[in-house]
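A.B. asks: Below is the structure I would like to discuss, written out as structure tokens.
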Amino acid sequence: MRYTSTRDQRVTKTSQQAIKQGISEEGGLFVLPHLTDYRIALQDLLGADYETIAQHVLMTLLPDFNTASLKKAIHLAYRQNFSDKRITPIRKVGDFHVLELFHGPTSAFKDVGLQLLPQLMRLALDLEDRIMILAATSGDTGTAALQGFKNVPQTGITVFYPDHGVSPIQEQQMLTTTGKNTRVFPIAGNFDQAQSAVKALFTDTGFAARLQAEQVTLSAANSINIGRLIPQVVYYFAAYLQLVNSHAIQLGEPVNFTVPTGNFGDVLAGFYAKALGLPIHKLIAAANANREIADFLDTGIYDRNRPFLKTVAPSMDIQISSNLERLLYYKSGEDSAYVAMLMKDLAKTGRYQVRSDVLAAIQADFAGGFATDEQVAEAIAKVWQQDGYLMDPHTAVGYSVMQQYRATGDTTPNVLLATASPYKFPRAVTKALDLPVSGDDFSLMKQLQQVSGLAIPANLARLAGMTPQPKHVIAPAAMGTAILDAAKEVFDDDSRVRSGNNR
Ligand SMILES: *Cc1c(COP(=O)(O)O)cnc(C)c1O
């Protein structure tokens with residue numbers, strides 16, 4: 001069982017190699033062929049805790065890892081870094097269920113993948129390896145990746161975020177991260193420019209040679225890395241099993257998951273869960289006003305030739321949903337030449353159209369929709385007033401699209417993925433509730449706490465008094481140099497970062 005590339009089926013890698021490398025040489029993403037050959041037996045997992053479910057899913061999808069090491073890695077990631085012992089608790093809200101993914105150290109769902117990825121990376125590294133992790137972030141990945149990788153031996157991490165393109169809280173989280181191996185740069189550009197530049201550096205052989213001279217190789221912390229994506233498959237199983245254990249559904253009964261979507265990683269993890277046998281009827285991908293992915297799921301045409309919009313859900317302000325490439329691979333019958341052609345079209349013209357049979361296969365599993373900022377505000381206010389549940393703007397995008405979808409008549413039970421704590425985006429939430437909007441985000445947090453009675457997560461409360469490092473905004477074209485400088489500094493003091501045997 002080997003991973004291959006979405007763009008070149010001649011590529012074969014073990015899962016450890018795929019995690020270490022992040023992205024394939026020719027720019028494709030690593031994928032596991034014949035996904036539906038693997039099965040998770042749900043009845044064996046009834047009553048199991050999160051770590052046990054994680055072991056089953058990871059042993060299935062990452063078979064070349066040593067079982068005992070994997071178990072230990074999972075334990076290190078989840079034993080004490082989440083504020084709820086279920087890790088991803090399910091909550092009943094009105095006539096649907098919310099899957100809360102924000103109880104980790106940075107209060108967004110990225111923590112679920114990024115607490116485990118560094119542990120998997122350590123297991124995949126050889127003694128001599130020195131890895132610089134790159135992350136382009138729309139806010140939450142950067143913060144969670146910095147937390148996950150800080151002070152991890154043999155690794156450095158460099159994060160790029162769009163200046164003025166993340167929330168003040170997210171920026172404060174990134175600029176106050178400690179750790180000798182962490183570097184953070186705002187760039188003069190948007191997320192897609194940051195992500196494109198990062199992807200280009202991965203396939204730039206000249207750049208690789210300059211890093212090689214420092215004995216450093218690159219890897220990725222974005223959901224383009226399967227080591228980040230596969231841990232996200234676990235919570236679909238954990239959610240379903242919680243519903244069965246609480247008798248909300250019967251074992252085998254199908255459910256729908258609605259997923260606030262940007263880079264298409266989270267919802268793709270749901271597709272993996274379905275392929276492994278989880279009874280999912282539809283995966284509903286919810287976009288904000290940057291609605292490329294919603295239009296694609298409707299029409300089969302992906303077209304990013306439109307203005308980039310800044311919305312109240314900044315972590316989803318993304319025009320190129322990278323992980324869609326993996327879905328195209330599976331739904332085209334694992335045709336890497338076809339995927340390579342579509343991706344070439346996208347790079348050249350900003351647009352591609354899939355064959356009708358591919359679209360039909362996608363629509364069998366997925367529905368899509370989008371919500372405007374106005375709809376997001378309405379959703380936050382409505383669910384608060386009706387059900388006493390406070391949603392962050394990303395989750396509210398999901399709610400709005402879930403309701404649009406339900407209006408089409410599908411009565412399957414619904415699980416909405418809640419991707420961030422409302423306290424991470426206090427300004428948008430305050431405005432939506434029609435409360436006074438004065439003062440900085442931290443005073444808005446306190447006001448929200450008084451109104452809602454909901455505790456502010458400790459990691460966010462702590463941020464208020466911290467002094468951020470100074471900002472150095474750089475141009476996208478200067479990212480390569482920034483990485484080289486970071487690599488030299490981080491790996492210069494070898495004794496510190498290289499721990500020796502870490503197995
Ligand atoms: C990253 C993020 C999303 C989008 O997830 P993708 O995997 O990129 O589709 C949604 N909501 C929040 C809060 C996020 O941080």
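Cβ atoms are placed via backbone N, Cα and C, with glycine included.
Note that TrEMBL annotation is computational and uncurated.
Computed from a predicted structure; not experimentally measured.
The following feature annotations were taken from TrEMBL:
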- 2-78: domain 'Threonine synthase N-terminal' (DOMAIN)
- 99-334: domain 'Tryptophan synthase beta chain-like PALP' (DOMAIN)
- Lys110: N6-(pyridoxal phosphate)lysine (MOD_RES)
A.B. asks: Give me the count of other Cβ atoms within 10 A of the Cβ belonging to the residue listed as 'N6-(pyridoxal phosphate)lysine'.
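C.D. replies: Looking across every protein chain shown, the total is 34.
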A.B. asks: Which of the three DSSP-derived classes (helix, strand, coil) applies to Lys110 (N6-(pyridoxal phosphate)lysine)?
C.D. replies: helix
A.B. asks: Return the average pLDDT for the domain 'Tryptophan synthase beta chain-like PALP' (99-334) as a whole number.
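C.D. replies: Summarising the domain 'Tryptophan synthase beta chain-like PALP' (99-334) by its mean pLDDT gives 95.
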